Every structure is written in structure tokens, then in C-alpha cells.
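Record features, source TrEMBL:
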BINDING   123, 147  substrate binding site
BINDING   148, 202-203, 222, 257-261, 283, 309, 333-336  NAD(+) binding site
DOMAIN    62-360  domain 'D-isomer specific 2-hydroxyacid dehydrogenase catalytic'
DOMAIN    156-335  domain 'D-isomer specific 2-hydroxyacid dehydrogenase NAD-binding'
SITE      285  site 'Important for catalytic activity'
SITE      333  site 'Important for catalytic activity'
Ligand code: NDP
């Protein structure tokens, strides 16, 4: 019998919907590269329901309890008095979503002698101190591809919203105005612009594929180059490093994981290399950008706009400067947790747990750390080390 500790975001303030906006969601069985969507033996939820908040329990309770395991679900994740820290002491499995990350720092891992599996329901395991997981032999797994396209769609939406000045124009309608000149004074067409992605993995290449029909000039940089025929098909130009790419781009979208190599990649120095009036869309991780450098660049006009859904730490403190900086289109961390995405990563979490408890191998593409080293998708896209430092700041939000 194992204890599974699952940290999920709070239910909606009006309660879990009794009826949803739509009656069904499309059934996705395969992704663009041929990888199959999660294949658990069964699911105990209806796809399209809210699963990522506390009451949804990722649809896991019946399955786990039927096998005699204990499931503890909480949203109380920050600080030493949190339910998460109290329950962690004898947990074998921790499940967390990046939207509401249960930071598994080295100090917390040291307090959890039974911990063997850190499962990310979604993609991006930077909330786990991967170095500490490597050293303790903890397996880290995530549901690769489950919400990559959810994010790619969001990136395209945010690029268009910024360039076309959508949010301020919508505001004028809410205020009862008809201020066309105010709306148009910062509105441009995307057509003909140079758009570059930092990383052309599952999300980055999804963004490139989606932007191709917009008749823009596409660019990318990545540690591994795309096959030549893919570069040709997309008409995309490769750059050997981020600096050489950002110099020529009007819009830069960030789609690499957060790891020691990418932490604060977009600092004052990198932003200064961009064209004046460029836009950044970052749905990867907040900490890839230097928080204050972004706010200053929007104030000075070096950047014309910044949008994304990722912050550091999460939840963002109420006084986080990205809440109030000019020309931003920030949302809470939502792009990868649409109801459509939740159905896939909840099924993926179940698939991983089925493998774990029956001692069958977890799919290679789901692994980030295994057997004391980076493994699977982690060996490809991450570097060893820790990117959780500073996460303690979340406890400040609790009391402010
Ligand atoms: P993938 O693993 O498919 O792609 C990541 C890509 O980043 C890989 O191509 C990798 O290169 C590249 N990369 C890693 N380090 C660097 C670097 N230093 N410079 C340039 N490229 C680099 O993952 P996804 O595309 O599915 O997801 C990417 C990230 O997006 C996640 O790690 C997560 O942080 C974030 N995300 C955000 C979500 C949200 O809701 N906002 C939801 C899902 C993900 P290579 O493998 O060639 O070495």
C-alpha cells in the first residue's frame, strides 16, 4: 500500500460547474510525430470535465483506492505548515501540475524518505530539484505531448493579440468607448514579420506549423537541428544561438524547458540585442526571463509587448511587477490546462501509475529522471541541476 500525495489547484470560486459550456471534446488518439495519446487500461472520468482542481482529483481516486493505496489531495502547498509538507513525510508518490506547482526542493526531498516517484500531470518538471532527484534515485516522469498543442495554440493567440493590440481594444468596448485611434495607434499586421522560436520541440514546432499560413518569416534556434526536409517544408531558418536569432526577429516565442542552461536567458543583455519594439511571448517558464528586465524593457519601449502564462514563483505574489507593467497580456498559468488537455494528462497520470504499481516500465518518452540520471525526454531536453531556487517566495503570498 502506498500513499499518493496529489497537489491540485483550487476549485472555481463558484464551485465545480454543474453543466459545461460544451457537451463533448474531440478525441485525440495520436500526436503529430506518431506518438500515441495516453493509453491507461481505463479511465474513471468523462473527458471534458474539470479534473485539475481539487474536487476533480485527476479522476484517480477509485483506481488507487481499489488497489488499497491512499490518495491525499490538497491545494495547500506552500510553506512548512502546509498540508503538502505535513503529508510528504510518508508519501511514495507526489503528483503535481506545473500550473500550481508543489515545489520539490532538495530540503523537501530530504524530508520525504519514502518518496520514489514525482509525477508531473502535464509537461515541465522544473518544479522538482532534478539534481536532488538524481542523487536520491527518485523517478521523475511527465505526460509528454499531452498539452503541447494546447500551448502552441495559446502562443499563436498571444502573438496575434499583442501585435494587433487586441486586449486594449477590447477594453475600450468594456469601457463603453469607440476610440478607434487609441486602438489603432499600437496595432500592426503580423504578415511579413519575422517570428522566431527558442526551441523547436513539440510546442515550438507546433507553433511554427501553425504560423506558416500567416505568411511570416519563420526562425528557430535549438540544440538539435530539425531534419532538413522539415526545415524546407516549414520554410524556417535555423540560427546557431539565441543571440543571432533575436537580432532579426520582430516576435520571439520561448518554448524550451527551464533548466540551468535556460534560467534567466532573457536578461537585460539579451533584450538589448532585440529589435526595438519587438514582442516576447513566453509560455515556457517565467524564470527563463529576468522579471525586472522585462518590466523595464516594456517601460522604455525596447519591447512593444510581452505575453505569457508562466511566472516565477507560482502563484505569483500580488505585487509581482508583471501584473502591472505596460503592454502585457499575461494570464495565470492556464494554457496547458484546458479541459481538453486535462483529459489527456489525467489519463497519462493514470497510465504512469498503472505502470508504476504493476512494476512495468514507464514509457521512455515520459521519463525525465530515472535510475539516478536524466532519462528519456529529460535526457534530450534538460540539463542536470536545480532550477527551484527562490520558490520559497510563494509562502509570502499566503500571508500578503
Ligand atoms: P519538448 O521536450 O518537446 O521541447 C523542448 C525543446 O527545448 C527541445 O527541442 C530541446 O532541445 C529544447 N531546448 C532545451 N534546452 C535548450 C536550449 N538551451 N536552447 C535551445 N533549445 C533548448 O517539450 P515541449 O515543447 O512539449 O515543452 C517545452 C516546455 O514548455 C516545457 O518544458 C514546459 O516548461 C513548457 N510548457 C508549458 C506549458 C504551459 O501550460 N504554459 C504546458 C506544457 C509545457 P533538444 O531536445 O533538441 O535538446
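Cβ atoms here come from the backbone N, Cα and C positions, even for glycine.
Feature annotations (TrEMBL) mapped to structure.
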residue: 123; record: substrate binding site; contacts (Cβ under 8 Å, 6+ apart): 98, 142, 143, 144, 145, 146, 147, 148, 336
residue: 259; record: NAD(+) binding site; contacts (Cβ under 8 Å, 6+ apart): 126, 130, 382, 383, 385, 387
residue: 261; record: NAD(+) binding site; contacts (Cβ under 8 Å, 6+ apart): 383
residue: 285; record: site 'Important for catalytic activity'; contacts (Cβ under 8 Å, 6+ apart): 124, 126, 257, 258, 262, 310, 312, 387
residue: 309; record: NAD(+) binding site; contacts (Cβ under 8 Å, 6+ apart): 154, 283, 330, 331, 332, 333, 334, 335
Spatial neighbours of residue 203 (NAD(+) binding site) that are distant in sequence (at least 6 apart) but have CB under 8 A: 148, 149, 151, 152, 155, 255, 283, 284
Which of 257, 336, all binding-site residues, has a Cβ with the fewest other Cβ atoms inside 10 Å: 257
Of 203, 257, 261, 285, 334, 336, recorded positions neighbouring ligand 1, Cβ under 6 A: 203, 257, 261, 285, 336
Of 147, 148, 334 (the binding-site residues), the residue whose Cβ has the fewest other Cβ atoms within 10 Å: 334
Around the Cβ of residue 333 (site 'Important for catalytic activity'), the count of other Cβ atoms that are within 10 Å: 25
Integer mean pLDDT for the domain 'D-isomer specific 2-hydroxyacid dehydrogenase NAD-binding' (156-335): 98
